[in-house]
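Questions regarding the structure given below will be posed in turn.
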Amino acid sequence: MANNSGSDSKNTLYCSFCGKSQHEVRKLIAGPTVFICDECVELCMDIIREETKSTGLKSADGVPTPREICKVLDDYVIGQMHAKRVLSVAVHNHYKRLNHSSKNDIELSKSNILLIGPTGCGKTLLAQTLARILDVPFTMADATTLTEAGYVGEDVENIILKLLQASEYNVERAQRGIVYIDEVDKITRKSDNPSITRDVSGEGVQQALLKIMEGTVASVPPQGGRKHPQQEFLQVDTTNILFICGGAFAGLEKIIAQRGKGSGIGFGAEVKDPDSRGVGELFTELEPEDLLKFGLIPEFVGRLPVIATLTDLDEAALVTILTEPKNALVKQYQRLFEIEGVKLTFTADALTAIAKRAIKRKTGARGLRSIMEDILLDTMFELPGLEGVEEVVVNEEAVNSGAKPLLIYTEVTKKKDATAS
């Protein structure tokens, strides 16, 4: 018996990659001198699939074309065509500049981007989608939490630490990443005149951001927190990091309108009432001087040469956001109900009513989820305990009047109820 077991172990074949025996896997494929199991083949396919996905958009010089970038942005962000074109060209030129930096004596300067638009219009989503398209490390920072070095709050260089963490501490990858700084309109100077007292969360933060946005070698403590002399630091060159700043800039439209008031003089001049124009229309007339009046310092405005303005989302755009993108809210909730074995349907009137509520709240696309949660909360609470429900229909009454969505039961359940009665 001992000899038989010994000969069996000699005849057992093993995967040359993971070491599993032929009895532990479904299939073992033989090569000239090696074997590979089905599990290792699947793993290799996954790796190749990921590599293909990340390089699929790359053009001949390794950078997607502006048209390709814009096409992918269209899948996730509804409307905002002008902003998407501006971003696509700026990002394409930025990474083209990196790939061809040593091929000529002409030095191409970096073009950081400023996104201006009302709350919930897609600023953050645009930045996140760009990073995904380009397969580069991406991090977000909230400008309102930042303070000058030495004061209580988050140090500006912590932004670079977050980017390092996103790149798994690969310094080279981090140096080609994208940083999105949100709420940048909240760090404006508190008055038009330079102050004699320290403004550590306003102008002071703008001054601190200038260095890393223009390009400097930042000394970043690997564990974060405040610096001390005994620490080891990671050196990160920020010259090639693309900075995208975003903000709602509430009140900026009034500054633009005020500047435009004096444009119409004489009998033939067309005088347009500023109040009759929407915020988005006024933003298209933005000049750097308007940002200075708003409270950004000249040096900070100078570091953001590319400005993309986004408009308010109208009713039709919000309905499209609810239904069409790959990760549309309606699709997400339909998937949740599908897990329970129930079909979720929204009537056209219901979708329009949801869009109208979001416009009334002035929260843009960001407010759509909270409205959907309000409508479906009771149904999602009760549904797991109900039997025989095959469909839930959300109509206009459920949105506007607070009525419960309609529950449609299977024929079997109806017959049971009829028999019981």
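Using N, Cα and C of the backbone, Cβ positions are placed for all residues, glycine too.
What Swiss-Prot lists as domain 'ClpX-type ZB' is 3-56. Per Swiss-Prot, Zn(2+) binding site is recorded for Cys15, Cys18, Cys37, Cys40. Positions annotated as ATP binding site by Swiss-Prot: Pro118, Thr119, Gly120, Cys121, Gly122, Lys123, Thr124, Leu125.
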In whole Å, how far is Thr119 (ATP binding site) from Cys15 (Zn(2+) binding site) when you measure between their Cα atoms?
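Cα of Cys15 (Zn(2+) binding site) to Cα of Thr119 (ATP binding site) measures 55 Å after rounding.
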If you average pLDDT over the domain 'ClpX-type ZB' (3-56), what do you get?
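Computed over the domain 'ClpX-type ZB' (3-56), the mean pLDDT is 77 on the 0 to 100 scale.
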When the Cα-Cα distance from Cys37 (Zn(2+) binding site) is computed for each of the binding-site residues Pro118, Thr119, Gly122, Lys123, Leu125, which gives the smallest value?
Leu125
Specify all same-chain residues, apart from the site residues Pro118, Thr119, Gly120, Cys121, Gly122, Lys123, Thr124, Leu125, whose Cβ lies within 8 angstroms of the center of the Cβ atoms of the ATP site, ordered by sequence.
Gly117, Gly246, Leu310, Gly364, Ala365, Arg366
Looking at Cβ-Cβ distances, which residues of the chain lie under 8 angstroms from Gly120 (ATP binding site) while being 6 or more apart from it?
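Correct list: Leu313, Ala358, Thr363, Gly364, Ala365, Arg366, Gly367.
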In this structure, which of the binding-site residues Pro118, Gly122 has the fewest other Cβ atoms within 10 Å of its Cβ?
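Checked Pro118, Gly122; of these binding-site residues, fewest Cβ neighbours within 10 Å: Pro118.
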Counting only other Cβ atoms and using a 10 Å cut-off, which of the binding-site residues Cys15, Cys18, Leu125 scores lowest?
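Result for the binding-site residues Cys15, Cys18, Leu125: minimum number of other Cβ atoms within 10 Å at Cys18.
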Rounded to an integer, what is the Cα-Cα distance in Å between Cys121 (ATP binding site) and Cys40 (Zn(2+) binding site)?
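Answer for this pair: 44 Å between alpha carbons.
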Using C-alpha positions only, work out which of the binding-site residues Pro118, Lys123, Thr124, Leu125 is nearest to Cys40 (Zn(2+) binding site).
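Comparing Cα positions, the candidate nearest Cys40 (Zn(2+) binding site) turns out to be Leu125.
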Since the record lists Cys37, Cys40, Cys121 as binding-site residues, which of them has the fewest other Cβ atoms within 10 Å of its Cβ?
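Per-residue Cβ counts within 10 Å for the binding-site residues Cys37, Cys40, Cys121 bottom out at Cys40.
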Between the Cα atoms of Thr124 (ATP binding site) and Cys18 (Zn(2+) binding site), what distance do you get, rounded to the nearest Å?
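So the Cα of Cys18 (Zn(2+) binding site) lies 42 Å away from that of Thr124 (ATP binding site).
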